[in-house]
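S.K.: Feature list, courtesy of Swiss-Prot:
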type	residues	note
SIGNAL	1-22	signal peptide
DISULFID	Cys29-Cys56	disulfide bond
DISULFID	Cys36-Cys50	disulfide bond
DISULFID	Cys40-Cys57	disulfide bond
Amino acid sequence: MRVLFFVFGVLSLMFTVPPARSFISNDECPSEYYHCRLKCNADEHAIRYCADFSICCKLKIIEIDGQKKW
C-alpha cells in the first residue's frame, strides 16, 4: 500500500510541477543572425535549444584591443 501511495505521489508531483521549457515561448532562433544546427562552428557559441533539439548558434563577438608591441 505504501508503494502505491508513493507511485501516486510521484505521478502527482510530475504533473503539478511546470516543465522546464515553457510551451508559450518561441523555440526558434530569434533573427537571421542566429542559426539552428547540430553543432556550432568554431566562431559561434550556443544560446538555446531549437524545437527539433538542435542548438541555436550565435556568432562570437571578438574584440581586438590592438596589437601588443614588444
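Numbering starts at 1 and runs along the chain as displayed.
Cβ coordinates come from backbone N, Cα and C, glycine included.
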S.K.: How big is the Cα-to-Cα gap, in Å, between Cys40 (disulfide bond) and Cys29 (disulfide bond)?
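M.R.: Counting only the Cα atoms, the answer is 13 Å.
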S.K.: Round to the nearest Å and give the CA-to-CA distance linking Cys36 (disulfide bond) with Cys57 (disulfide bond).
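M.R.: Their Cα atoms are separated by 6 Å.
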S.K.: State the three-class DSSP label for Cys57 (disulfide bond), counting H, G and I as helix, E and B as strand, and everything else as coil.
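M.R.: Its secondary structure by DSSP: strand.
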S.K.: Which residues of the same chain, at least 6 positions away in sequence, have a Cβ lying under 8 Å from the Cβ of Cys56 (disulfide bond)?
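M.R.: When sequence neighbours closer than 6 are ignored, Cys56 (disulfide bond) has Cys29, Tyr34, His35, Cys36, Ala46, Ile47, Arg48, Tyr49, Cys50 within Cβ distance under 8 Å.
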S.K.: Under a three-state reading of DSSP, tell me whether Cys36 (disulfide bond) is helix, strand or coil.
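M.R.: In the DSSP reduction, Cys36 (disulfide bond) maps to strand.
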S.K.: Using CB atoms and a 10 A radius, I'd like the single residue among the disulfide-bonded residues Cys29, Cys36, Cys50, Cys57 with the highest neighbour count.
M.R.: Cys57
S.K.: Let me know how many other Cβ atoms fall within 10 Å of the Cβ of Cys40 (disulfide bond).
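M.R.: If we count other Cβ atoms within 10 Å of Cys40 (disulfide bond), we arrive at 17.
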